[in-house]
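Have a look at the structure below, then the notes.
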Amino acid sequence: MHTRAIYPGTFDPITNGHVDLIERAAKLFKHVTIGIAANPSKQPRFTLEERVELVNRVTAHLDNVDVVGFSGLLVDFAKEQKASVLVRGLRAVSDFEYEFQLANMNRRLSPDLESVFLTPAEENSFISSTLVKEVALHGGDVSQFVHPEVAAALAAKLTSINT
């Protein structure tokens, strides 16, 4: 029985689509660790510490979820966390090929680590952190795509960058 899962990502920022998947994963597994990747190649707007804090605030209502920042190989992080399942989201068919390659690589590196794919609710299927940042950068209202605390943090971040 798989009791511990990891939902990895950059979460820059966490969106309603992410939260939807986290809430559903929390119903499927005894414990879910949200692994926030340092991933310097993505040049995130928020620091790792800021992303961990935002995700902690947005998921505080889930007793069986914790949030941990990490760097390095995901399979190593999964071993450290004693997780046997990776949860990944698929928004569209276009996500599948990349996720399929990742799942196969992770299986090769760690044969006991299973990948489970969840699809978001229809109203969240088009939301991505990249699109949210783009809308916010151009002054658009992102409140329907992210938690209010995330919207405020994003507005503050963009204000500090533009001043």
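Note that Cβ sites are derived from N, Cα and C of the backbone, with glycine treated the same way.
Here is what Swiss-Prot says about this protein:
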| type | residues | note |
| --- | --- | --- |
| BINDING | Thr10, Phe11, His18, Gly89, Leu90, Arg91, Glu99, Asn124, Ser125, Phe126, Ile127, Ser128, Ser129, Thr130 | ATP binding site |
| BINDING | Thr10, Lys42, Leu74, Arg88 | substrate binding site |
| SITE | His18 | site 'Transition state stabilizer' |
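Highest Cβ count within 10 Å among the binding-site residues Thr10, Ser125, Ser129: Ser129. In terms of Cα spacing, the binding-site residues Thr10, Glu99, Ser125, Ile127, Ser129 that come within 10 Å of Arg88 (substrate binding site) are Glu99. Among Thr10, Phe11, His18, Gly89, Leu90, Arg91, Glu99, Asn124, Ser125, Phe126, Ile127, Ser128, Ser129, Thr130, the residues given in the record as binding ATP, the maximal Cα to Cα distance rounds to 18 Å. According to its DSSP assignment, Arg88 (substrate binding site) is in a strand.
Around His18 (ATP binding site), a 10 Å sphere centred on its CB holds 26 further CB atoms from the protein chains shown. Here the binding-site residues are Leu74, Leu90, Ile127, and the one whose Cβ sees the fewest other Cβ atoms within 10 Å is Leu90. For Lys42 (substrate binding site), the Cβ neighbour count at a 10 Å cut-off comes to 12, with all displayed protein chains included.
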